[in-house]
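According to TrEMBL, the protein has these features:
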DOMAIN    36-341  domain 'Aminoacyl-transfer RNA synthetases class-II family profile'
BINDING   86, 87, 88, 116, 130, 134, 262, 266, 267  L-histidine binding site
């Protein structure tokens, strides 16, 4: 740490993302965008600030998000404002604000930062990024199937499906759920003395949330609780069985989990999570994507518009922890351009004289850089000087070629283009294979052909 002042520290749970993490995020989002567009979804961007009621009304005032985790404050107009804790509610608000119900079905995808005041740990941050999709206007279970299929393809295309599986359940319709909740409360009341404090608070507010408890006693109690499947209405059961049958026929690895309820109050019917068994994820942070159907949310927020919805959100930060660096870097492998000083000090061959890069060498180097970038080939100029803390830009000592190649290794290049006095004089460049160390000289005009051929 160079600075110890409070204003120079990041907020706990909100870390900076440096280049490699940014590239992983960019890769994940690009995979999601390409996939969503292929299925007819269109991008939407919503503000990170909304009126707090957008979230308290949608996720439920008794949910952990609304009651414990939201960043909420009063602005100068005394309006209660919240930082975005999840994506769906804001998209529903935008769906209503922009009258998108006039053209159904409506399919949208989004990405961006979310904020929750949770206890920071590996795989769980206070500022985190999500990618998600939402579909409005389709009651039929084909929408559930499509959403889950896209979710699974997303995980596959990113390259993290090896130890992944889909946990799936149904919460049924409102009638089924209300009937089950009465039975569940009766059962939990017989175990009241064994429940954790949080579960006691949830018992009369939202007993289904007790299924999310991480308390050992709570887990044992809900494991022996009545099964929601026994209280599903015929239409709810038929809806779920349709989804399960088609997904199984498609070979998508689903596993029914009757205790899966999801942490947000707006879900009904099909809910699911994609979990990955990996040591790279933090304890109890194995869920990388989650979603479900929410047929009543639009009506809850609008007051009168009855439009069904379904969607999912994926945690980009958790997916980043699973990514193989080679997969991310392969599309970003640059050509490194090295400028060789043209005046070596014979008394000290490991160092070079001051001001020893000519304008001809620099000019040819810049032309090479422009040629590569103009042809959409990433290029990195390895600057050949190291600062001696002088404000005079000429008063710097030049590094040897070997030291410049050592710096180039940080970019994992396939090729290095080397330009020295001889190359500048005859309009040539030296192309070096960074792995084999083989090198060939060619005219500047033949550079692209030689790079492509190799």
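Quick reminder: no glycine exception, Cβ is built from N, Cα and C everywhere.
Look at residue 130 (L-histidine binding site): DSSP puts it in a strand. Each of the binding-site residues 88, 130 was scored by the number of other CB atoms within 10 Å of its CB, and the largest score is that of 88. Across the annotated binding residues for L-histidine (86, 87, 88, 116, 130, 134, 262, 266, 267), the two most widely spaced Cα atoms sit 21 Å apart. Taking Cβ-Cβ distances under 8 Å and a sequence separation of 6 or more, the neighbours of residue 262 (L-histidine binding site) in its chain are 171, 271, 273, 290, 292. Least crowded of the binding-site residues (86, 267), judged by neighbouring Cβ atoms within 10 Å of its own Cβ: 86.
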